[in-house]
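To start, the structure itself, in structure tokens.
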Amino acid sequence: MNVPGPSPPCPHLAGSWAGAMAELPIPDLPPAHCSGRFTISTLLSVEEGGRGPYTATEGSSCDSVQPTHLSSSTLCSRTFGYNTVDVVPAYEHYANSKGVGDPRKGRPSLADLHSILKVTGACSSAGMVWPSPGVCALMASSPLSPQIRCMLNIWGVILYLRLPWITAQAGIALTWLIILMSVTVTTITGLSISAISTNGKVKSGGTYFLISRSLGPELGGSIGLIFAFANAVAVAMHTVGFAETVRDLLQEHNSLIVDPTNDIRIIGVITVTVLLGISLAGMEWEAKILFFLVILVSFINYLVGTVIPATAEKQAKGFFSYRADIFAQNFVPNWRGPEGSFFGLFSIFFPSATGILAGANISGDLKDPAVAIPKGTLMAIFWTTVSYLVPALALCVPPGACVVRDASGSLNDSVAVGSPGCEGLACRFGWNFTACTQQQSCRYGLSNYYQVLMSMVSGFGPLITAGIFGATLSSALACLVSAPKVFQCLCKDQLYPLIGFFGKGYGRNSEPIRGYMLTYVIAVGFILIAELNAIAPIISNFFLCSYALINFSCFHASITNSPGWRPSFQYYSKWAALFGAAVSVVIMFLLTWWAALIAFGIVIFLLGYVLYKKPDVNWGSSMQASSYNMALNYSVGLSEVDEHIKNYRPQCLVLTGPPNFRPALVDFVGTFTKNLSLMLCGNVLIVSHLQKLVESRLMADGHTKWLTKRKIKAFYTDVVAEDLRSGVQMLIQAAGLGKMRPNILVLGYKRNWRTASPQSLEDYVGILHDAFDFKYGVCLMRMKEGLNVSQVLQAHGKWFWVARDAQRHGMCQPAPCPQTKVTVLVGHHSCAGIKGDGDSEELLLDPTTLASEHQASTIFQSEQGKKTIDIYWLFDDGGLTLLIPYLLGRKKRWGKCKIRVFVGGQINRMDEERKAIVSLLSKFRLGFHEVHILPDINQKPRPEHIKRFDELIAPFRLNDGFKDEATVNEMRQGCPWKISDEEVDKNRSLRQVRLNEILLDYSRDAALIAITPPIGRKGRCPSSLYMAWLETLSQDLRPPIILTRGNQENVLTFYCQ
């Protein structure tokens, strides 16, 4: 059935939705209702087994008629006379977000293109892979440029109220140096921000978003909290500056509300409350432009005021227009007060440079942050640098060349030039400020009066006042908006507990009203300090810490050489970024060392918390790239290191199947390999159809997360094979990397070997032979209660079993994504997920619940107390039987256990043999001091136990009556597991029976038994006989038993080289 496709929302983009791969010829179809080169021309629906355009036909390119299912709602587009599933590149294929209600859009999967195509259901227009209308249409409103926002934030309270005072303290020369140092740090940081913000799509969250997505949640989260707090404190700083100006105006007119300090508090709290209301209501673009213009007019007014001749009133306050003598005196520093030091003044000035992040903090409001942030930030740095440095002819030089440091403000202090008793530079201009200078009571002058620009060096004072109001209020508003936005992004990432409450958004724009209220409370708390010089250094340390991490983010992302680091902004240097980070840290400690320690202490504490909690986020950070680089370099370097016995480590390939099926096996190996050596959990997937291969691999991530949640430091890998043995052979040969390759095969004991299919028995014993052939050590683990807990998981509803025959007869349907259907052979306590009788069942595994399921507890997770670990070192296998219990005993849970070593010996040489073994163990430095000799190991076992062994192997006997070899081979044709009378080998079999009696006598109450098992010779020992030996050796034992056999090469040495 052919249904015309709807027109794409963007006709000019319709050509981007076709390709030339996976093509199927179809009959001519009616034209679609869409213009453009490529069109969706048909939606097809065919019944299973029916014929349609997607069914293989004669002459088609299909070579099979076996059906497959599309992994997504991918449609077929018509191009070059063909319908094709393939599509050409498009934005939506790479975007990881979509609009509310929009269908998920993506390219067809590899299975859709590679497998035989068959559509099994009706397609709907909701599945069309068209670009959203937003790609085609421009945004209706213009973006908010960060340049104006940055400049408004930089032209703040420090520029108007503190720069002349800093000039008086530090002198013109050092003031320039302070400005240049600040500009250097901000310029380098601006370049780093530009590089980071152009390396991918930037969302809301500003500086926190940039750092966290670059360095990762560990450092990003801590700096997000610090940066949001610094912005909240900056609201208080700018508000206090505004309140200070209003207080001075009231003071000039003798209209103080209470007193100078409390007036600042009252005015500040009222102001920040009004600003909160404005922030919640929203301030339009036109209002920001108005602020900007007011500040520019105040600058022009200031420049005009410097050339207007000074009146007597201005002269009484210390303003004398341009004078070379005043310039010379003010060129050098004159430190005063507790802030009278270079870095003390730098800490007060530096908050004026923090406005460079104001544009980045509104990244969520920008149409194209990758373009707007670099341009706006760098242009703002340039123009504000000009406004600070060039008007040093206007902000440093004019006050420094026009205003003396001390003045009384009294018109009565005018004297004749050259009057006796007059001291100071003002005497040359007819003013005597000697008395107030000596008493340090001068109210005016460059060093004493913060409103120098407003009262004296201006053409019209109210314009300067308007500029101060515009600068302080706009900066306070910018910080009041930035702090909640940054904090909201941090809350949504859920890196820290108890802060999610403040991340809730309200309204169409998801405004963080609760975040606004929190910022308001913090700002009010710091406004109550009512001292601008005390608030500014606090902000300086936090912002310098942010700058250091921004620069380090850029450097780290560059140095890792990750292919994903491709910023479109190229005008940056990783070494300049590193220099900027180092300078920021150095300046932090030079400003206030204790505040720097507090800032870094907070960062380290928050870093440690995130490292401990390991939040489930994946942002592709440079830390991940760095981890890969380090692992790669060390792995390659390790390949050049020669192996030595002293550095031997037991690197284990553990046949766990799905790891959560055998938690005891995982815990046992994880206990002695943790922080020591490699552990690799292997799983053999018996997949009936190759097209299920990709689906089966989806479970790997879930198993890895399960191991991580259980705190097992291990890798997970799986292979797809036709049978267990071939799959294990693949793992043995291919697992590992370089020198990081397994040397021990660990697997569970096959408890159902007597009832299992003969072929599965052959495969199991064959795996042991394969391990020895590849020079692996072998470790078998047997527990009385078994290892496989899949039946328990089934009972708890974690796993759902659907019989293969039910699906074959149509009684159940294939599971939809995200579940994965894998054919796994299962059985009671079997090995590596393989059932002995060969029957298979379909297992539906849900990856989302796998990692979150209840963790089964095992004996290896509990304290063992003062029990014993008994080692039966019966054969010299190179020392592996000793090494694994030794490593286990080093762990805290097993540390109190006493280790006993049992060896075979002769009754007439017990003392000599014991001393020899004790001497050997002491040379190995294992700390094993209790050694027991077993002289009765070769005694004949009890008759009832011999009878039990005979009954055990009876079903597997050929009963050939010691016939010749040719006759035996003919009888055993097709039954290689059968045991001939000659192969029974009574002596060796009876030895296993006797060893079991000894184990029951000596180790019934042990915490763990480690014993060296016998090795069955290939071609001479049938698999059923070998399993009978292992069964007899380890039966009826309560503690876990570890049958360990090395590869006959030394793993212990007592030499130093």
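Using the three backbone atoms N, Cα and C, a Cβ is placed for every residue, glycine included.
Curation plays no part in TrEMBL annotations; they are all automatic predictions.
The domain 'Amino acid permease N-terminal' annotation in TrEMBL covers 72-121.
Among the features that TrEMBL reports, domain 'Amino acid permease/ SLC12A' is placed at 147-653.
According to TrEMBL, the feature domain 'SLC12A transporter C-terminal' maps to 662-797 (among others).
Taken from TrEMBL, the feature domain 'SLC12A transporter C-terminal' covers 852-1056 (among others).
The transmembrane segment annotation in TrEMBL covers 173-198 (among others).
According to TrEMBL, the transmembrane segment annotation covers 219-243 (among others).
Under the heading transmembrane segment, TrEMBL lists 263-282 (among others).
Positions annotated as transmembrane segment by TrEMBL: 289-312 (among others).
Feature annotation from TrEMBL assigns transmembrane segment to 342-364 (among others).
Per TrEMBL, the feature transmembrane segment maps to 376-401 (among others).
Per TrEMBL, transmembrane segment is recorded for 460-483 (among others).
Among the features that TrEMBL reports, transmembrane segment is placed at 513-532 (among others).
Within its own chain, the transmembrane segment (538-559) has Cβ neighbours under 8 Å at 185-186, 188-189, 191-193, 195-196, 199, 207, 210-211, 214-215, 219, 223, 226-227, 229-230, 233-234, 237, 346-348, 350-351, 354, 357, 526, 565, 572, 574-575, 577-582, 584-585, 587-588, 591-592, 595-596, 598-600, 603, 622-623, 625-626, counting only residues six or more beyond its boundaries. Feature annotation from TrEMBL assigns transmembrane segment to 538-559 (among others).
Marked as transmembrane segment by TrEMBL: 571-587 (among others).
With DSSP classes pooled into helix, strand and coil, the tally for the domain 'SLC12A transporter C-terminal' (662-797) is 63 helix, 28 strand, 45 coil. The transmembrane segment (513-532) shares more Cβ pairs under 8 Å with 219-243 than with any other stretch in the list 219-243, 460-483, 571-587.
Across the domain 'Amino acid permease/ SLC12A' (147-653), the prediction's mean pLDDT works out to 79.
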